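Data block below; observations after.
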Amino acid sequence: MQRKIKSYVLRAGRISNRQQQGLDLWLEDYELKFDSPSPWNFAKEFGRHDADTIVEIGFGMGTSLFTMAMNNPQCNYLGIEVHKAGVGSLVADLHEHQITNVRVVVHDAVDVLQTKIPENSLAGVQIFFPDPWHKKRHHKRRLIQSEFIQMLVKKIRPSGFIHCATDWEDYAEHILNVLSSESALFNQQKEGGYSPRPDSRPLTKFEQRGERLGHGVWDLVFIKK
């Protein structure tokens, strides 16, 4: 898969003292280096065998990833994020609460999936609130495209899941079409369409505010055959 168009733009944003502390002091405890020579062995990287590994692509400030890791200590979580403020925030939280079942990689998700994730190694992939690139001329920048999903399917084991969530209805329709068109997947909703928010996905403060204002959120959960 050759994807030259990035689904994100790196902007120079403010980093708080706590976030910088996370990057400077504790990132090395959690980071998987992209420049290692071979695909990762998750049993080695997490220090345990037989644990399911779930990847979150674009974890933002890490709120959902942190909560899910804390609630599911039996699972491994690998977070992929390019924005340093979010990485620092998550790492600081992980250190403060001594969470040990999370690793992070600070790199482009497409590159990571192509070269570092073994095939059939993941229990699931979650992509929560990816950039909708709502202007039509920018739709080509959207992360979730057919080629990208085809690559994800190879990395997920049979019965593994892809869970997407978005608060942009047009993007939800696009994601539904892309996932429904992939023959290796089936919709967890037997009647098709969108899923209720699974209890496993934490409700963010942003989402709670949106609900009060009447804004919609669409969850999509597809399973690999």
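Note that Cβ sites are derived from N, Cα and C of the backbone, with glycine treated the same way.
Feature list (source: Swiss-Prot):
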type     : residues                                       : note
BINDING  : Glu56, Glu81, Asp108, Asp131                   : S-adenosyl-L-methionine binding site
ACT_SITE : Asp131                                         : active site
BINDING  : Lys135, Asp167, Thr204, Lys205, Phe206, Glu207 : substrate binding site
Max pairwise CA distance, angstrom, over record-listed S-adenosyl-L-methionine binders Glu56, Glu81, Asp108, Asp131: 14
Length of the line joining the Cα atoms of Glu207 (substrate binding site) and Asp131 (S-adenosyl-L-methionine binding site), in Å: 15
Alpha-carbon spacing, Phe206 (substrate binding site) to Glu56 (S-adenosyl-L-methionine binding site), which is rounded to whole Å: 18
Cα-to-Cα gap, Glu56 (S-adenosyl-L-methionine binding site) vs Thr204 (substrate binding site), nearest whole Å: 15
Most crowded position, judged by CB atoms within 10 A, among Glu56, Asp167 as binding-site residues: Glu56
Rounded Cα-Cα span from Asp131 (S-adenosyl-L-methionine binding site) to Asp167 (substrate binding site), Å: 10
Cα-to-Cα gap, Asp131 (S-adenosyl-L-methionine binding site) vs Lys205 (substrate binding site), nearest whole Å: 18
DSSP three-state assignment for Glu56 (S-adenosyl-L-methionine binding site): strand
Binding-site residues compared (Glu81, Asp131, Glu207) - the one with the fewest other Cβ atoms within 10 Å: Asp131
